[in-house]
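Comments concern the structure below.
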Amino acid sequence: DDNPGGASGKFMNVLKGQPLCCPFGGCHELCHCCGS
């Protein structure tokens, strides 16, 4: 579900303004590039 009203949209709304570190140190639209 990529529609704004789906779970993904709500998830992005929750993380908006407070991005987290990517769990695998990679880059993603929902998290920062942390680590090496």
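From the backbone N, Cα and C atoms, a Cβ is placed for every residue, glycine too.
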**Report entry** Disulphide partner cysteine [Swiss-Prot] for C31, chosen from C22, C27
**Finding:** C22
Query raised in the report: For the disulfide-bonded residues listed here (C31, C33), which one has the lowest count of neighbouring CB atoms within 10 Å of its own CB?
Result: C33
**Report entry** C31 (disulfide bond) to C21 (disulfide bond) - Cα separation in whole Å
**Finding:** 5
